[in-house]
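Enquirer: Can you read through this structure? Questions will come right after.
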Amino acid sequence: MKQNLISSVQIILLLPLTTVGLTSQSFPGKPKIIRCRSLEKETFSCWWKPGSDGGLPTNYTLFYSKDSEEKIYECPDYRTSGPNSCYFNRNYTNSWTTYNITVTATNEIGSNSSDPQYVDVTSIVQPGSPVNLTLETQRYANIMYLWAKWSPPLLADASSNHLYHYELRLKPEEKEEWETVPVGVQTQCKINRLNAGMRYVVQVRCMLDPGEWSEWSSERRILISGGLSPPEKPTITKCRSPEKETFTCWWKPGLDGGHPTNYTLLYSKEGEEQVYECPDYRTAGPNSCYFDKKHTSFWTVYNITVKATNEMGSNSSDPHYVDVTYIVQPDPPANVTLELKKPINRKPYLMLTWSPPPLADVRSGWLTLDYELRLKPEEGEEWETVFVGQQTQYKMFSLNPGKKYIVQIHCKPDHHGSWSEWSSENYIEIPNDFRVKDMIVWIVLGVLSSLICLIMSWTMVLKGYRMITFILPPVPGPKIKGIDTHLLETGKSEELLSALGCHGFPPTSDCEELLIEYLEVEDSEDHQLMPSHDSGRPSKNAKITLKETDRDSGRGSCDSPSLLSEKCRETCALPSALQIQDVRDVQAKKAGKRSWESYCVASERKALLFNNESAKSSTWPAVQLPNNQPPTFAYHSIVEANKITSTTTNMNVAAVLVENEERHQSLYSISETISGGMEKQEEMENLHSKTTQTTVQVRQNRSNEKLPFLNAALMDYVEVHKVRQDEEPTVLLKHKEKSGKIEKYTISGASKEYTKVSTVMNHNILVLMPDSRVLHTPTSQEEPAKETSQNPQQGQVETNMSYCMTAPRDCQREPSGSEYMDPSSFMPSFK
């Protein structure tokens with residue numbers, strides 16, 4: 001238990017450290033005091049070196065206390081001596097006091113202090129270097145002497161009683177060893193025993209007693225000549241134009257020959273013989289000549305020489321030819337600024353901005369400058385150079401956080417000229433927090449990805465099968481009992497359907513051929529249909545017209561298997577239908593002018609009514625009848641017919657015409673006028689002899705009165721009973737009463753066996769085809785038609801509905817086996 005408690009405490013304590021480690025933000029590093037120095041024993045300064053800032057802004061504070069006091073004071077001045085320093089003026093300086101000094105670094109997380117530094121002002125005195133060092137040679141008694149003179153440090157107070165001790169060192173210019181000469185408190189020194197004809201380098205330093213030596217002064221050089229001689233030839237070092245409007249030339253003097261020497265610059269212009277002297281020796285510094293705008297010609301070549309003269313003679317430099325266009329070297333860019341930008345949702349970058357050189361006339365376009373920058377880490381040695389072009393700003397990306405960079409910029413003219421000097425160094429430090437944020441994001445993403453992978457692996461191990469089943473569910477098998485899966489896989493649909501007790505698919509090639517709207521035939525004298533109760537003369541002019549076929553494959557012609565099977569067995573025959581325009585004329589003409597026999601059976605008190613609003617879609621082609629008659633419908637069973645008759649209150653009598661189309665049906669329209677002679681009769685007989693069917697036409701006169709409901713017994717002939725195969729195929733209709741007996745219709749003592757339905761015509765006419773052999777053979781099977789019972793509420797119905805049966809002389813059929821048809825479209829019932 002104790003071990004668990006200890007481990008928990010350790011984890012809790014390590015959490016802040018882990019957080020600090022992940023974010024790379026920590027306490028500041030320990031600063032270090034480098035040195036403390038007093039220039040004249042009256043003031044002093046201390047400098048320190050900062051440690052790491054811990055990734056956060058850090059403040060540095062210097063605290064001190066005196067040996068005789070316990071009170072702690074803060075630095076009085078952080079600016080005078082520069083960055084990371086503290087300056088103590090005379091008010092805060094005591095020469096006989098020891099100071100205990102520490103530096104504290106503080107950031108948001110914490111603070112850190114340097115080691116204490118004990119300072120006694122008398123022991124840290126280090127004056128500045130002497131200034132104004134001059135060298136001069138003098139000859140005394142043919143001996144050459146060197147006189148060196150200087151001044152005390154600049155901060156030394158002349159009114160003070162401090163005494164400086166000086167020390168001088170010199171060496172030949174070609175050697176490395178220095179010769180040191182103590183001077184004392186004097187500010188000049190005379191040196192002899194020098195080698196004539198050699199150049200020497202001289203430096204001076206000083207100290208206070210007690211204290212430390214100052215830094216050496218700057219170097220001064222002098223040539224010790226062996227005797228009196230003219231000066232050496234000077235050398236022109238360079239000529240430069242900063243803005244392509246003025247220029248300056250510099251030279252390097254030679255040996256002066258032991259005498260003071262004067263230098264003069266002379267020049268002449270191309271194409272002129274006149275010689276001019278330098279207009280200004282002071283503006284550009286010593287050993288130089290400045291040409292202002294008045295003395296500068298942009299398209300002129302200058303021939304320049306420098307002449308050195310002393311008491312012993314003179315000497316001139318080599319001529320130097322100058323064209324201002326090619327000596328342009330602008331000044332370094334000014335106002336260089338470095339700024340670290342922190343855009344939202346983007347990485348930080350360093351923005352560098354600068355200004356063109358002050359003397360360059362860039363706005364007017366007289367001078368166009370290109371810029372180049374370089375940067376490196378403070379501790380690095382190699383510079384990274386970037387060409388910027390003519391813009392005065394640049395964005396630096398991909399800088400390493402936590403490092404301090406040095407940046408410099410220079411420029412040059414876009415055409416002729418040279419690069420300027422590099423600008424002064426600019427420093428900027430890139431904080432660590434940007435890289436830390438990126439690291440945190442990647443660490444979090446890595447941890448989350450690892451957790452997700454572990455969870456998915458664990459889930460797959462424990463519930464792999466369920467996951468696979470959920471992602472890839474199994475294909476379900478057939479659930480119908482009795483299906484042979486082998487037949488289903490092999491694709492034998494016919495055997496599969498036969499196993500299920502379903503009929504095979506009907507041939508698709510004949511569906512359209514079985515469809516026809518209606519066939520109108522107008523017969524004249526020899527070809528006529530007789531109504532049941534009226535007689536008359538047929539019209540002298542009749543037309544035989546074949547209308548356009550309805551090719552709706554969804555009609556009943558495609559649904560009836562009997563028609564399909566019969567159609568496949570029949571030969572090509574021309575379908576025909578007869579339409580009687582005048583029934584009375586046909587009856588009058590019947591006696592001696594036509595060879596066809598017509599038998600009409602009158603049916604009284606029996607009608608079929610159909611309502612347009614409640615009618616269903618027929619399985620036979622719906623015909624648009626003339627005089628805006630509604631389309632007729634057919635059904636496959638008495639039950640459906642009973643549904644129609646039991647749900648309609650307003651129905652009209654309609655006739656259904658069923659047509660047996662030819663296998664190769666053609667769309668054509670024939671119009672013929674029958675005059676009444678024997679030639680027309682023979683033509684009609686030949687036309688009908690080409691077909692294998694005899695039509696029976698049933699016409700029902702329409703009534704304007706609304707009829708009541710019909711009894712279901714009216715529709716009793718709805719299917720085929722049997723097919724005779726004795727001599728020629730014959731179809732017998734089946735009566736669907738309870739007695740189950742077969743009824744045959746006879747007219748004038750002749751039994752009629754209906755072979756098939758031919759077609760459905762307009763004007764409510766049903767056409768059937770009888771057997772030709774029965775027309776000439778009497779039969780004893782004639783029975784009167786049974787009348788169906790009428791509904792007592794039924795209204796008055798027209799009784800002039802007739803069924804006319806005609807047969808051509810020669811109606812040949814091919815004995816093609818058992819043929820039957822489904823006359824489910826027989827809407828009226830027969831007596």
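From the backbone N, Cα and C atoms, a Cβ is placed for every residue, glycine too.
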Enquirer: With respect to Swiss-Prot, which of the residues Asn335, Asn800 bears the note N-linked glycosylation site?
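Expert: My reading of Swiss-Prot gives Asn335.
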Enquirer: According to Swiss-Prot, which residue out of Asn303, Asn612 bears the annotation N-linked glycosylation site?
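Expert: The residue tagged N-linked glycosylation site by Swiss-Prot is Asn303.
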Enquirer: Taking 129-133, 364-368, 419-423, 819-823 as the choices, which stretch does Swiss-Prot tie to motif 'WSXWS motif'?
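Expert: In Swiss-Prot, the motif 'WSXWS motif' feature sits at 419-423.
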Enquirer: Which residue among the glycosylation sites Asn59, Asn91, Asn315 has the fewest other Cβ atoms within 10 Å of its Cβ, if you could check?
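Expert: Asn91, out of the glycosylation sites Asn59, Asn91, Asn315, has the fewest neighbouring Cβ atoms within 10 Å.
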Enquirer: Return the residues near Asn112 (N-linked glycosylation site) by Cβ distance under 8 Å, restricted to its own chain and a separation of at least 6 in sequence.
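Expert: Counting only residues 6 or more apart in sequence, the Cβ neighbours of Asn112 (N-linked glycosylation site) under 8 Å are Phe27, Pro28, Gly29, Lys30, Pro31, Gly51, Thr104, Ala105.
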Enquirer: Can you check what DSSP calls Asn262 (N-linked glycosylation site), collapsed to helix, strand or coil?
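Expert: Asn262 (N-linked glycosylation site) sits in a strand per DSSP.
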Enquirer: Nearest to Asn59 (N-linked glycosylation site) in three-dimensional space, by Cα, is which of the glycosylation sites Asn91, Asn100, Asn303, Asn315, Asn335?
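Expert: Of the glycosylation sites Asn91, Asn100, Asn303, Asn315, Asn335, Asn100 has its Cα closest to that of Asn59 (N-linked glycosylation site).
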Enquirer: Let me know the model's mean pLDDT on the topological domain 'Cytoplasmic' (460-831).
Expert: 46
Enquirer: What is the Cβ neighbour count of Asn100 (N-linked glycosylation site) at a 10 Å cut-off, with all protein chains included?
Expert: 15
Enquirer: Rounded to the nearest Å, what's the C-alpha distance separating Asn132 (N-linked glycosylation site) and Asn262 (N-linked glycosylation site)? Just drop the number here, would you?
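Expert: Checking the Cα atoms of Asn132 (N-linked glycosylation site) and Asn262 (N-linked glycosylation site) gives a distance of 21 Å.
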